[in-house]
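Here the structure is laid out as structure tokens; the discussion comes afterwards.
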Amino acid sequence: MATQQLPPSGAKTPAKLVATRGRAEAKEARSGRLFVAPFLIMFTVVFLIPMIVAIRQSFFTKKAAGGGLFGGGEAVDVFVGLENYAAVVTDTRFWAGIGRVVGYAAFQIPVMILMALALALVLDSFLTRHVTIYRLGFFLPYAVPGIVAAMVWMYMYTPEISPIVKGLSALGLDVNFMGENMILLSMANMTTWTFTGYNMLIFLAALQAIPHDLYEAARLDGATGFQVTTKIKVPMVRGAALLTVLLSIIGTIQLFNEPTVMATVNPWMGNDYTPMMMAYNTMLGQISPGGDGPASAISIVMALIAGGLAVVYALLQRKKD
Amino acid sequence: MTSALVDEAASTSGQVTRVSKKNRLLNGKPYRPSVDGIPTKSMMPSTTARTLTLVVLVGVLIYFLAPIFWVLVSASKSNSELISSSGFWFADIQYAQNYAKLLEWTQGDFWRWVINSVFYSTTAGVVGTLISVAAGYSLAKFRFRERGATLGFIMAGMLMPVALLTIPLYIVFNSVGLTNTIWAVLIPSCVSPFGVFLGRVYAESSVPTELLEAARLDGASEARIFFTVVLRLLAPAMVTIFLFIFVGTWNNFLLPLMMLNDSSLKPVTLGLYGMMSYFNPQKGAVMLGALLSVLPLIILFLGLQRYWQSGLAAGAVKS
């Protein structure tokens, strides 16, 4: 972290010394900036400029210039103030989408995080051998691209070919994974399948960083294995839990791949099932009002909601400590 | 590879508890020497607990691996067999027919898509790793006025929902005419705030300032120090960052979906989705395509899992 200054070589007068140090500092600053510059330029192109453009665009809408008899003519950007935002926040489709995503997250994130934590605790205990096999096996779904995972599960939900549906119906249970009441759960399963192993590895890494002296001390004090787990291990991985939940909230707000794949066989889901789908289809003009302005406004409102949720969660977590 | 895994399992999990025949007291009774990482006999869980754990863990393992196995099986079947035969076992194996159908449906573009994915992911991985490591090194080892602000920006970028940026990015790229070119996928994929974070953490802990000073006293230029000394020291971090960017690029769907129209530019994820959504295809052929598109990643994961773990560890422990 701290960069040390070169010790002045040889005896120098204080004035000379300051000058040398000043020059060395300037050189150091220049080199530092040069090394960080390529990334910063790319970061500006990919993060900052689009954000600024999105904020600007969100105040504009494409409208026909209106010269022609039928209101035709060249489409031009017209400043509309907060009209796009008003359209988003009063749009019931948007809030329905937010509602689905929030409901989905409220169920899926706890299930996934608790499962990941439980698996990590078991693998970190003396309960099992062959930890490597489980670790790899649980993590393997993460190597499957989200869109491919969604396609695979979608086929596995399709009644005619699904071994699960067939198996369940042989047991007398008829489950329609694509039904309106089930589809959020079905998609939650896709996400859980893909990301549990990833989160488990984060927990496992945090568990392995706990100094083992703590366990020994607890043992000497007469703690059982269960107490070591609940009183030492779980509290010590709170930082990792915060990280995984925050990443999951950020991931969920962008929910797009799974519903997009599911919508190809379930047309009733429409093109605005989640806010991200709505933003995408608004951009393409498949939802009215469409185009840059309204799509930017949706993205910005979503970013604000995501940021708000993340901040609220982080604050709640901090208050507990 | 296998033996390395076994070694690692033995050293990290500490589950090797066999009593060696040599470990006997003078009176002939066996004893177990205490070994670091292995619990004393009194702390060993009961056999019941271990058996129960085994059952649960194997059950969970089946949940995670069954869909992958199912893809392997389904990719060998025709549509009618998918319906008529048992879902979890092979019937009449038709990989060749499905492969021919896959190429036919994609009009020969399938391997082009795979090559595109390899190209996008590798290029973004190499460029992204270099600029991330350089930035991380700078933020760890150099002092300049804007350093704190830069760091803050990049950390904020880590928490930015990237999908939300895709639409604004499309607007920008569209206005400068970059959409439907390889740049539209490559440029955004190179930028990884997480890579900078990781590079900084590694540079802080594994590049000794004394070494840099010694090289400077020897008259080496900063560029030379970076390329010959620093990059070598940061090699493990670079593999990790490369993997993260590679996989992130390979798995990205929304970005190419927005940016690309041209079938010859598509990565394999986008190609498969198009194939699935536009036609009512031979499902076995789609599954074969899915399988072939995932194999490179799985091989990469299994081969380099050590690096993944160290990257995740840095994220979990140091943030």
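From the backbone N, Cα and C atoms, a Cβ is placed for every residue, glycine too.
Note that this is a predicted model, so its numbers are computed, not measured.
Lifted from TrEMBL, the feature list:
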- B:51-73: transmembrane segment (TRANSMEM)
- B:114-304: domain 'ABC transmembrane type-1' (DOMAIN)
- B:118-139: transmembrane segment (TRANSMEM)
- B:151-171: transmembrane segment (TRANSMEM)
- B:183-203: transmembrane segment (TRANSMEM)
- B:224-250: transmembrane segment (TRANSMEM)
- B:285-304: transmembrane segment (TRANSMEM)
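Contact check: the transmembrane segment (B:51-73) against the transmembrane segment (B:151-171) gives fewer than three Cβ pairs closer than 8 Å, residues 6 or more apart, which falls short of the contact criterion. Stretch with the most C-beta contacts under 8 angstroms to the transmembrane segment (B:224-250), considering only B:118-139, B:151-171, B:183-203, B:285-304: B:118-139. When Cβ-Cβ distances below 8 Å are used as the criterion, the transmembrane segment (B:285-304) is approached by residues 1, 71-72, 74-75, 95, 98-99, 101-102, 105-106, 110, 113-114, 117-118, 239, 243, 246-247, 250, 268-269, 271-272, 275-276 of the same chain, each at least six residues removed from its ends. Long-range Cβ contacts of the transmembrane segment (B:151-171) within its own chain (Cβ-Cβ under 8 Å, at least 6 residues beyond either end) map to 135, 139, 179, 188, 193-194, 196-197, 200, 254-255, 258-259. Within the same chain, residues 120-121, 123-124, 127-129, 131-137, 139-141, 151, 154-155, 157-158, 160, 165-166, 169, 173, 230, 234, 236-237, 240-241, 244-245, 248-249, 252, 255-256, 259-260, 265, 267, 311, 314-315, 318-319 sit at least 6 positions outside the transmembrane segment (B:183-203) and bring their C-beta atoms closer than 8 Å to a C-beta of that stretch.
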